[in-house]
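Some features that TrEMBL has for this protein:
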type: DOMAIN; residues: 20-386; note: domain 'Cation/H+ exchanger transmembrane'
type: TRANSMEM; residues: 12-29; note: transmembrane segment
type: TRANSMEM; residues: 36-52; note: transmembrane segment
type: TRANSMEM; residues: 58-80; note: transmembrane segment
type: TRANSMEM; residues: 92-115; note: transmembrane segment
type: TRANSMEM; residues: 121-140; note: transmembrane segment
type: TRANSMEM; residues: 147-170; note: transmembrane segment
type: TRANSMEM; residues: 182-208; note: transmembrane segment
type: TRANSMEM; residues: 220-236; note: transmembrane segment
type: TRANSMEM; residues: 242-258; note: transmembrane segment
type: TRANSMEM; residues: 270-289; note: transmembrane segment
type: TRANSMEM; residues: 301-320; note: transmembrane segment
type: TRANSMEM; residues: 361-381; note: transmembrane segment
Amino acid sequence: MGLDIFPLKSPVDIFGVILLIIFTSSLLSRFLRLPNIISLIIAGVIIGPYGFNILDQSLAVTIFAKTGLIYIMFLAGFELDVTDFRTNKNKIIAFGSLTFLIPFILGFIVFSYFFNFSFQSAVLTAVIFSTHTLIAYPLITNFPKKNIISVVVGGTVITDTIVLFILAFFTNIKHQFINVTIWSVLFTLALYFITFILVIFILVPFISRVFLNRFSNQKSLVYIFVLLIVFASAIFAESMGMDIIIGAFFAGLVLSNFSNKIEIVKQDIYFIGNTLFIPVFLISIGMMFDYKIIFKMGLTLTFSFIVVAIFSKWLVAKLVKIMFNFKNEDQIIIFGLSSSHAAAALAVALIGYNIGVLNIYILNSTILLILISCLLSSLIISKMMKKYG
């Protein structure tokens, strides 16, 4: 047998390698005192199609990775203190608005005026900077200031919702709604969103209440029910022109109201997500990175792309700190959580590339940004969490 066995095709082989990577990455992280997130992403680079090509983005890997992303957003919604959320609603709205607008405006100016991008290309490129994924969220559980976490999580939902609506608008204009007005597209998207909200906050609580009142002592049934609600919400969000992460977050938010009823499976939810699904998602991020792109792309464009993305998120954290009199450590936490780009950024870049609005250099720059920002985010949060045990 030669190297032609790679990338692995057998589901058993793929799953075995994934388990080996998760296990060895965890051991190495403890030995080197690095956040496990970093070791998993680097492991993905090494074993991925642009490394030793042991694994590719096969269906098996994609399923686990998507599940991990859904898990991250579900847990973010599930752990959110609704009372805290309401108390900090003004701060959440302010942060959500700023973390969308400042990266968007800065990105649009830089790539429209300095790189001569067309209006559509500049808009979609700028939208990439507005996104962020809570990649370091699993590291933040010991942070005592839950109000700061609520602000970041709530703001994430606001900015990613706006971004994904813009993306849906561009996609529909390009393909489905060519012969209708912009207002018709906006009306359709607004109708979809209202329908989604009504279903999530009326139908899902009703179904959950009926089921949990009867079966709350049946552990296996409750666990499957929770996962079913989360995935059904993610699928429904996608069918309504939004992203799966929005559906997963709102499902977590709704299910948090029944936390006493699903106490029986709470530890299982965290254990399986943090042990298997989320690590595979992190590995898949590393697998997307092609180190050769650094030498193929214009360094000025790539450097500007990454600097604008990271600096704009730092600027937002600084402004929010000044506006609400937060402490320096709060600013660092806000920046650490919101500086990482992953799923939403990749979705914008891929769709923009597929519809001919963004070029291959922006797509590759986005993948490089995902790798760098995820490593930066996890390092910042990991360092801060050492203060809180």
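Using the three backbone atoms N, Cα and C, a Cβ is placed for every residue, glycine included.
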* What residues in the same chain, six or more past the boundaries of the transmembrane segment (361-381), come closer than 8 Å to it by Cβ-Cβ distance? -> 35, 37-38, 41, 45, 121, 125, 128, 135-136, 139-140, 282, 285-286, 288-290, 293-294, 296-298, 301-302, 305-306, 309-310, 332-333, 335-337, 339-342, 345-346, 348-350, 352-353
* What stretch of 121-140, 147-170, 182-208, 242-258 shows the most Cβ pairs under 8 Å to the transmembrane segment (92-115)? -> 121-140
* To do: May I ask whether the transmembrane segment (36-52) has at least three C-beta pairs under 8 Å with the transmembrane segment (147-170), counting pairs 6 or more apart in sequence?
  => no
